[in-house]
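Peer 1: Sharing a structure, written as structure tokens. Questions coming.
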Amino acid sequence: MARKNKRQFFEEVEVIDAGAKGKGVAKAPDGRVIFLPYAVPGDVVAVQTFKKRKAYFEGKITEVLTPSPKRTTPECEHFGVCGGCKWQNMGYQHQLFYKQREVENNLKRIGKVELPTFIPILGSEQHYFYRNKMEFSFSNNRWLTQDEIDSDRDLGDKNALGFHIPGMWDKILDIKKCHLQEDPSNAIRLAVKHYVVQNGFEFFDTRNQSGLLRTLMLRTSSTGEIMVLLQFFDDDREKRESLLDFLKEEFPQITALQYVVNQKPNDTIYDQEVVCYAGRDHIFEEMEGLKFKINAKSFYQTNSKQAYQLYKITRDFAGLTGNELVYDLYTGTGTIAQFVAKKAKKVVGVEAVPEAIEDAKANAQLNGIDNVTFYAGDMKEVFNKDFINANGKPDVIITDPPRDGMHKDVVEQILNIAPKKVVYVSCNSATQARDLALMDGKYKVTRVQPVDMFPQTHHVENVVLLEKR
Ligand SMILES: C[S@@+](CC[C@H](N)C(=O)[O-])C[C@H]1O[C@@H](n2cnc3c(N)ncnc32)[C@H](O)[C@@H]1O
């Protein structure tokens, strides 16, 4: 009997769709679906499978026999090895088409609710260099390409400053140029790498948990301000200060130069003390005259320009006249709440992370907004009867939950208080569709508009207006 997971080779299959976490979709001769990374709909390819399940194969392209007309040349030299930007080989208009289709499919198949005609997906003007935050890791165990492994060349030092190879926690791809964040992002990363290699500073060894340098985080903003945060493992003051002084001198435009010494096994900085070495401990982001103070741990939408578009759509869907009580659920640092405040009587924001709520309050004060109130806590606990009694019944609820969507108790509570309108912003249209189905008895979906916040990836944001039946 043939082994279940036996690899199969298909000489010629056509790629018919894109979706499924960014993978292309083809059909095997037995009708089973094959998921193919880096395949573009319209490609005719030869395929080697490496995983077989009841309804599908996972495979990889061994040869592109006929390239799809939807293909384009990726900008980035790291395409195909680095885990990000997997759709770079598909023309941007086609990326938008498949993003919108995924949203439509999810709302139809999972939501099974009556839908209006979609407002066409809003694309991003910037197809590259749109991110305001990047994090790079140091490693003494650089990812080697097959070419390098096969060659007899001296491979030089094994240090890397870049991104984790997908699925490999201890392998880092050394990044020469990343197309996601505007300069001086690349210039700073390359200068740091050059300086520490020249000076023989130790890159982190993940297996042995040793070394000096762990991560580099860069934040840029629409105001032109720059934050650099270096994370060290060893507490070596002399080396640390020599690197920070080098950066201070070489890049005087850095607004906030900070560091963390973290000797925990994991490299999250959220439970660590961030030390300001030079300049301020924050930078500012600006949107429609509002200022947002961002420190190293603050959450802020990573594509500022598209966040502005997303918020405008959200405000437009809410249709505020100035008399409404608005709830902004999952408010983060209260950006949507402040963005809609001047068109509302009052806005109440709720968010789980207490530091984000502190930022939200500070920003509201900074912006002179006095008709917003913020609460910290788990939504399903906070958003209860007493909360509604204390804050009043909202006319409009804006909700922007994480990928898992809303907790069923939160959906139930929305149905209990039944505001006239609910504007549902989501980064995962599958969980959004599930929640829309739960609300279908009381609410009709009247407007839908997907927004592309992350060109070159399969991710898509979606805004839905629900109106009371
Ligand atoms: C998609 S973000 C929305 C952020 C914000 N609306 C914005 O545009 O910047 C989702 C937010 O929900 C928060 N969150 C996640 N789980 C939560 C929970 N159970 N209760 C309250 N907030 C939660 C996260 O901390 C995060 O800030």
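Backbone N, Cα and C atoms are what each Cβ position is placed from, and that goes for glycine too.
So TrEMBL has the following annotated:
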| type | residues | note |
| --- | --- | --- |
| ACT_SITE | Cys427 | active site, nucleophile |
| ACT_SITE | Cys427 | active site |
| BINDING | Gln301, Tyr330, Glu351, Asp400 | S-adenosyl-L-methionine binding site |
| DOMAIN | 3-63 | domain 'TRAM' |
Peer 1: Note the Cβ centroid of Gln301, Tyr330, Glu351, Asp400, the recorded S-adenosyl-L-methionine site, then list each other residue of that chain whose Cβ lies within 8 Å of it, in sequence.
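Peer 2: Not counting the recorded site residues, we get Phe299, Asp328, Thr331, Gly332, Thr335, Ile336, Pro401, Val425.
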Peer 1: Hey, how far is Gln301 (S-adenosyl-L-methionine binding site) from the residue listed as 'active site, nucleophile', Cα to Cα, in Å?
Peer 2: 12
Peer 1: Taking helix as H, G and I and strand as E and B in DSSP, count the residues of the domain 'TRAM' (3-63) in helix, strand and coil.
Peer 2: 3 helix, 37 strand, 21 coil
Peer 1: At 10 angstroms around each C-beta, which of the binding-site residues Glu351, Asp400 has the fewest other C-beta atoms nearby?
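Peer 2: Taking Glu351, Asp400 as the binding-site residues, the minimal 10 Å Cβ count falls on Asp400.
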Peer 1: Fill in the CA-CA distance, Glu351 (S-adenosyl-L-methionine binding site) to the residue listed as 'active site, nucleophile', as an integer in Å.
Peer 2: 17
Peer 1: State, in Å as a whole number, the widest CA to CA span among the S-adenosyl-L-methionine-binding residues Gln301, Tyr330, Glu351, Asp400 given in the record.
Peer 2: 15
Peer 1: Among all the protein chains here, how many other CB atoms are within 10 A of the CB of Gln301 (S-adenosyl-L-methionine binding site)?
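Peer 2: Total other Cβ atoms inside 10 Å, all chains included: 23.
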Peer 1: Using C-alpha atoms only, work out the spacing between the residue listed as 'active site, nucleophile' and Asp400 (S-adenosyl-L-methionine binding site) and round it to an integer in Å.
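Peer 2: Here the two Cα atoms are 8 Å apart.
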Peer 1: According to DSSP, does Glu351 (S-adenosyl-L-methionine binding site) fall in a helix, a strand, or coil?
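Peer 2: Note: Glu351 (S-adenosyl-L-methionine binding site) is in a strand by DSSP.
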